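Quick look at what TrEMBL lists:
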| type | residues | note |
| --- | --- | --- |
| DOMAIN | 105-240 | domain 'Fatty acid hydroxylase' |
| TRANSMEM | 20-36 | transmembrane segment |
| TRANSMEM | 56-80 | transmembrane segment |
| TRANSMEM | 100-118 | transmembrane segment |
| TRANSMEM | 139-158 | transmembrane segment |
| TRANSMEM | 164-186 | transmembrane segment |
Amino acid sequence: MFGTLVFWEGYVSDEMMGTFAPIVIYWFYAGIYQILPPLDRFRLHTRKEEEQKNLVAISTVIKGVLLQQLVQATVARILFLVTGSSSPTEKLIQPSVAVQVIQIFIAMIVMDTWQYFVHRYMHQNKFLYRHIHSQHHKLVVPYAIGALYNHPLEGLLLDTFGGAISFLISGMTAQTAVFFFCFAVMKTVDDHCGLWLPGNIFHIFFQNNTAYHDVHHQLQGAKYNYSQPFFSIWDRVMGTYMPYRLVNREEGGFEVRQLKS
């Protein structure tokens, strides 16, 4: 799939790319958001709110993300070794573009389903929330680099296992997985970026976006908008959908206002 986009062929295996490309993409994409100027007129929260409400330093966030990515890379290597070809010289024939698109869509649905129910249970179970999931919610005002800031066990159960199950059920090849995992990582980073930028393609094509997920990070919305990272289907089906509207803030930027009491 994507023809000439497979620039690594002959240099690096698809399995190695599937393991490490999502990590590189995470830091590259999140890094772009980090080095942008303040952009106060596009922020969903003021910088003052970020300083006052967030309960963890950025250095701790970075360490936490790196730990999760270490576990993620380890599981990915094992997964690709188990599912890969037994012959290192055998060249796997890629399915047609249409088949790969269908596989990616199936993987998106599987990942959304896994993450919705695991994520929701971590909120409903007081022990799991207090000791595990609350770590992610220490970032009341999300920002891009903190997208994967989780307790290590949550990172394993929610993200790493979710990705592995999506890969296995969809039947995609390691080469297709490179594009799927990189796309999923970019979407997750964007959902936590805290900016409502004009022309953002993720905001145009996905209702489950930065503002949608921001509702969930606020105290009043913590029991709503569990769906991640692609669609809002499960929130609508399970009655946890929280509509919202964006309101211009007097001092600049936007405020995400929930429309349910």
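In case you wondered, yes, glycine gets a Cβ from its N, Cα and C as well.
Note: TrEMBL annotation is automatic and uncurated.
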Suppose you look only at the domain 'Fatty acid hydroxylase' (105-240); what would the mean pLDDT be? 96
Any contact, the transmembrane segment (20-36) to the transmembrane segment (100-118), with at least 3 Cβ pairs under 8 A: no
Taking DSSP states H, G and I as helix and E and B as strand, how many residues of the domain 'Fatty acid hydroxylase' (105-240) are helix, strand and coil? 94 helix, 1 strand, 41 coil
Counting only residues 6+ away from its ends, which parts of the chain sit with a Cβ under 8 Å from the transmembrane segment (56-80)? 15, 18-20, 22-23, 26, 135, 138-139, 145-150, 152, 155-156, 159-161, 163-164, 167-168, 174
